[in-house]
Amino acid sequence: MMETQASPKDEVAEAVELELEAVIGFNGHVPTGLKCHPDQEHLVYPLGCTILIQAINTQEQNFLHGHGNNVSCVAISKSGLYIASGQVTFMGFKADIILWDYKKRELMARLSLHKGKIEALAFSPNDMYLVSLGGPDDGSVVVWSIAKREAICGSPAAGLNVGNATTVIFSKCRDEMFVTAGNGTIRVWELDLPNRKIWPTECQTGQMKRIVMSISMANDDSFFYLGTTTGDILKMNPRTKLLADTGPAKDKFSLGVSAICCLKMGGLLVGSGDGLLVFCKSPSYKPIKKIQLQGGITSITLRGEGHQFFVGTEESHIYRVNFTNFKETLITTCHFESVEDIVFPFGTAELFATCAKKDIRVWHTLTNRELLRITVPNMTCHGIDFMRDGKSIISAWDDGRIRAFAPETGRLMYVINNAHRIGVTAIATTSDCKRVISGGGEGEVRVWHIGHQTQKLEEALKEHKSSVSCIRVKKSNEECVTASTDGTCIIWDLVRLRRNQMILANTLFQCVCYHPEEFQIITSGTDRKIAYWEVFDGSVIRELDGSLSGAVNGMDITVEGVHFVTGGNDHLVKVWDYNEGEVTHVGVGHSGNITRIRISPGNQYIVSVSADGAILRWKYPFPS
């Protein structure tokens, strides 16, 4: 697995790289992952293995690719020249820290010493040093020289009888002092450059035992503030290493103080694990201003002096808040669960719909804005389709129901209860808008007649032994093909409502497409083979190797049938020539398994969605 990740392009030597146009995604679980760059024009945040640099005003995006696994922390130097990012990796392997040149948007150096995970990073105030903290399997703190790009010294981060350190912050004025904190440990470190040593001093908190989640330093180094899982704030003096005060005494922050930020004019911005954003002051720490946001707050980052700031939450929302009126504006949203399906409405590429876990979202293609969100709590949506007339979105849910929503308002139009026994796993509609074909977890394929007021079952086709993963309908609505994880694809006659042909292979089929001329179908699945089949007699025409590692989960074919695209567990988007059976273009950018992929009507874009919640839009490489 490791080797294939490192060099995805070796696979297809002569293939051209696909141009990535836009990414919808933000990993809100990375602590302090959202950063506002000192130039006050850009936001920097992680998504899977990539780091996005997004212009606040123009929404233009740049991508920093280089990590082989998920990014776990991000730091920006005070001058704004450098970005540092750390990643997680497999047990026992080295986890890299990458130093990036912000202006050139390119990799400067790879620093690797820590094992398993980089917990946190911090730059010194004059860009001389970078301090890094290893994860629980590593437990060391290392100071790096930025000029020489090498380690100066390291030390175990916490004592023997306390827990792990999880956060680190540098002094705002001196390049020689930094603070680490974590489970029952708060340490102030001094860097002794001539001897290449760092000396820790344990801070005294008396009887209090706290687990530190977040940390912030005052601008003049007079104090630093620690947010804890208990929901209170500790104010420490870095010179005396003593506790100055603590609060609030009552009404502690629910689910812990997960983000904290000092303001120039005094006072603190505090974010809690249940999404409460508060402005408060020492020593009482009582809320002066507060707003409730969606999802636990993981990042608070100031734009300039803090007249405006940005907040990132676990539900992958990014808010802009003006300090004076303390009102939030939602500027970026995206899925925070695995995206299960993507579909364009018939004949237009202006918008598309995706579904993940409990919600269906409709997006405006060019601006990446979320237009509509339909939420059904505690359920999982497995598939969606637009009716041809655009008047409804039909969705398949794991509670065995088919739900139809109005695409403008999100109003529930009708529900088909008990459509399948073990959840509805796949869905498709006919172009005359009169029928919905659904597949279930138990393997049944059911044909529903959709009237003005009624929805009735026309036929239940019991052939598949396992869940149905994909359904495609012929243009004439007289035939459809269903792919199943039992290793069969069945071509059904929708007029006589019985089986026409069956295709057998030793694989779990994940996706199927009709060639536009509809005498052939292409399938793929867990055996990584892309197979072409004759519709008439179900014989295999040819097989191609779809990928070197991992299943192929999604495929789509152009209206002309000249090219098709695939995506899967190797995280690559591939464009194929249908007749030659060769890969012409490869898209590198996903960091999770690609679950579904579509070519937009009119062949302008390819949109792929993945298990880490990301939606990527690629430029279609051929003139349409």
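Keep in mind that glycine also has a Cβ here, set from the backbone N, Cα and C atoms.
Feature annotation from TrEMBL assigns domain 'EML-like first beta-propeller' to 61-320. If you look up TrEMBL, you'll see 111-146, 417-450, 461-494, 549-586, 587-624 marked as repeat 'WD'.
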Worksheet item: Which numbers of helix, strand and coil residues does DSSP report for the repeat 'WD' (417-450)?
Response: 0 helix, 19 strand, 15 coil
Worksheet item: Tell me, what is the mean pLDDT of the repeat 'WD' (461-494)?
Response: 92
Practice prompt. Work out, from DSSP, the number of helix, strand and coil residues along the repeat 'WD' (461-494).
Written response: 0 helix, 20 strand, 14 coil
Practice prompt. Run through the repeat 'WD' (587-624) and tell me, per DSSP, how many residues are helix, strand and coil.
Written response: 0 helix, 19 strand, 19 coil
